[in-house]
Structure formats: C-alpha cells, structure tokens
Amino acid sequence: MSFDALLWLSFGGPEGPGEVMPFLENVTRGRGVPRERLAEVAEHYQHFGGISPINRLNREAIAAVEKELAAQGVDLPVYFGNRNWHPMVEDTLARMKADGVRRALVFPTSAYGGYSACRQYDEDIERARAAVGEGAPELTKLRQFFDHPLFVSAFADALRDAHKGLENARTVFTAHSVPDSADLAAGPPEEGGRRYSKQIAEAARLVAAEAGVAEYDVVWQSRSGPPQVPWLEPDIVDHLDALHAQGVPAVVVCPVGFVSDHLEVIWDLDNEAAERAAEHGMGFARVATPNADPRFAELVAELVREHLSGAPARKLSDFPAAGCTVNGAPCAVGCCQPVRRPSR
Ligand SMILES: CC1=C(CCC(=O)O)c2cc3nc(cc4[nH]c(cc5[nH]c(cc1n2)c(C)c5CCC(=O)O)c(CCC(=O)O)c4C)C(CCC(=O)O)=C3C
Ligand SMILES: [Fe+2]
C-alpha cells in the first residue's frame, strides 16, 4: 500500500481572546460539561491572552518531522488538521483532496488508548471524510506509542533533569482524568476495560525504570463534569496535600499523559499545582513534555516507516499494539464505546 501524505491530527486551541469561547463550544459540543466549568476554563486561557500554545507547538513539531522524513528519504508532505479549532481537519482534508492526495497516514497527537485519546480521533477521521464526501482521501491512523522506546526515553531523560537540584523529591506522574465509566469502557470489551489507565500506569513504570526512579505515584488532573460523576482520582492538587501531610519535601511532576506543553500543562500544573506546592513550602519541578525533543520527530518518522514496511512494532511493554485504524473504523468491535454522561 502506498501513501501520498501524512496528516497530523490534533486537538486544536485558540490563538486569540475572541477564539476562546467558540473553541470551548466546539470541544464540549454535546458532551455535558457544565457552563460554570466552561467559564472557569475560559479564564485559564485568558491568562495567556486567549492563546493556547498547542497550535504553535504542533507547527514546530511538524517542521521537525518534515525534516526528519526528508532526511530518512521518505517523501510524504505533512498536513495539519484539528478536532476543535483551525486548521479544522475537515478543511485540511478538503485541501488534501484538492492536492490530489488519495491515501494518507494519520498521526494523532496522543500516545494512548481510550475514548478521548484514541477513539475520538477515529471519529474525527470519519467526520472529516463524511464532510469531504466523494473522493475523500483514505486515512490510516498510526498506532498508539505510549510504550515506544523513543517516547519513554525522552520522558526519562527529562525526568532525570527535573530531579537535578531538588533533594528527596517524590516523582508524581500525571495524566488527564477521564470519567471512571469511560476508563472502564476503554479497550475491546474482552480485555475488561481500563486500557487508558493501565497504559498510563505502564508508561509511568517504563519511564521511572529508565530514569532510575524507584518510588513514584500516578495521579490525574484537569477533571471536569459534575462532582457527583466519578472520574479517575486522586487529583494532582489533592495529592500534593497528602504528600505534604506525609512530610514529603519536594515533588517532580511528570505529565506522562501528554505530548506537549499545552494549556492543561502550563495552567493546571505550572500554575495550580505549583502554587499548592508553594503554599506547603514544597519544592516543585515540572518535567518537560517530548514535543520539542528531537526524539519526538524520530518517533513519528519511525512509526511511519514501521507502517510502510510492515515491520513489527518496536515497543517496551507486552500490551498489544493498538489504535491503527482505517477510515475511523474502531480498533475492534465495541472498542472504547463513548459513554454518554449526564450534564448534572
Ligand atoms: C484523555 C484526554 C486528553 C489526552 C489525550 C489527547 O491529547 O487527546 C486530553 C487532551 C486535551 N484536552 C484539552 C482541552 C480540553 N479538554 C476538555 C475536556 C475533556 N478532556 C478530556 C480528556 C482528555 N483531554 C475529557 C474526558 C474531557 C471532558 C469533556 C469531553 O469529553 O470532551 C476541555 C473542556 C473544558 C474542560 O472540561 O476542562 C478542554 C478545553 C487539550 C488542549 C489544551 C490546549 O488548548 O492547549 C488537550 C491536548
Ligand atoms: Fe481534554
């Protein structure tokens, strides 16, 4: 099978104050996020002039990947499309069709399984192809990469760096919380669910092992939704209280659930979590995400070449290689069914 392009598929984020609310309305369309939560999140964006770094970080990563592909002799133009903000993936796919692209690989900017991290990107692919209609390029999504040696070693080196200058700091891995029901539905039903939280735990274990960190915790961040609906816990901020009560003097926080320093990292960790640590007089350092590491571009190029050559997946865990789908079809029957949530 030959491919004409690589589509970089991401979440999207606003690039000015007037874009924040329309962006948030796109994100939460039909998803039962309370209005108060939206107003609160809008404020986080407005702290940064209404600009999320995510689009800029994606453009920088794409430039690095274009270079890397060219250096490896892979001739694939890279296109950029988002789920929630411009460039919208529907528009990008229309442009790809106009450029004569018939078949493209898709790199989703999430390393994990589960509804929000994997299946929802399949839905984006389906929706974009439906919007383009007749002659829409065929889209093959690349696999999940949370256990890829390049992903793990980029985080491991950054974790070691973050520990420099902080004595006796506890390592705390964090990822985006999801509703407990969504985690329970993550993966093919025969696997028993919780593919998302199990993969996060596995990535944390692999990164800690490579960095030589013996003791660590895995916690969650950025929950939304009504308080009576259970999400994955504990929350990072509550966890800092607990560590302080245990006499832990400092923390190194590793956002293993994300690939770049977007808003949920620079606000929820660098602001909220850092502030709570300061209130407790605890030392605080945040581990860099892999986006800007040269290994990230290498990783993407390697995933492309792995797919083109049919080589076995290079990975550090025993988890099945998953997430590689065609035209947005689910990984397996019943995999990561979206769970409808009550709005209050
Ligand atoms: C698992 C996961 C990832 C990691 C995988 C991946 O990277 O894809 C992720 C990434 C991101 N989440 C992001 C932003 C938001 N996520 C929201 C809401 C939600 N996220 C959820 C889960 C995840 N989210 C869930 C279960 C919700 C509840 C509502 C719903 O099911 O949709 C909301 C709405 C307000 C709120 O509820 O906080 C916003 C604004 C941004 C962009 C940040 C920027 O702009 O820089 C990024 C990269
Ligand atoms: Fe999110």
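Cβ atoms here come from the backbone N, Cα and C positions, even for glycine.
No curator has checked TrEMBL annotations; they are predicted automatically.
These come from TrEMBL:
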BINDING   Ser52, Tyr121  Fe-coproporphyrin III binding site
BINDING   His176, Glu264  Fe(2+) binding site
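The Cβ of His176 (Fe(2+) binding site) has 23 other Cβ atoms within 10 Å, all protein chains considered. In this structure, Ser52 (Fe-coproporphyrin III binding site) belongs to neither helix nor strand by DSSP; it is coil. Only His176, Glu264, of the binding-site residues Tyr121, His176, Glu264, place a Cβ under 6 Å from an atom of ligand 1.
Cα of Glu264 (Fe(2+) binding site) to Cα of Tyr121 (Fe-coproporphyrin III binding site): a span of 19 Å. Cα-Cα distance from Ser52 (Fe-coproporphyrin III binding site) to His176 (Fe(2+) binding site): 17 Å (rounded to the nearest whole number). Cβ neighbour count for Glu264 (Fe(2+) binding site) (all protein chains, 10 Å cutoff from its Cβ): 20.
In this structure, the C-alpha atom of His176 (Fe(2+) binding site) lies 16 angstrom from that of Tyr121 (Fe-coproporphyrin III binding site). Counting only same-chain residues six or more apart in sequence, the Cβ atoms lying under 8 angstroms from the Cβ of Tyr121 (Fe-coproporphyrin III binding site) belong to Leu9, Arg83, Val106, Pro108, Ser110, Lys141.
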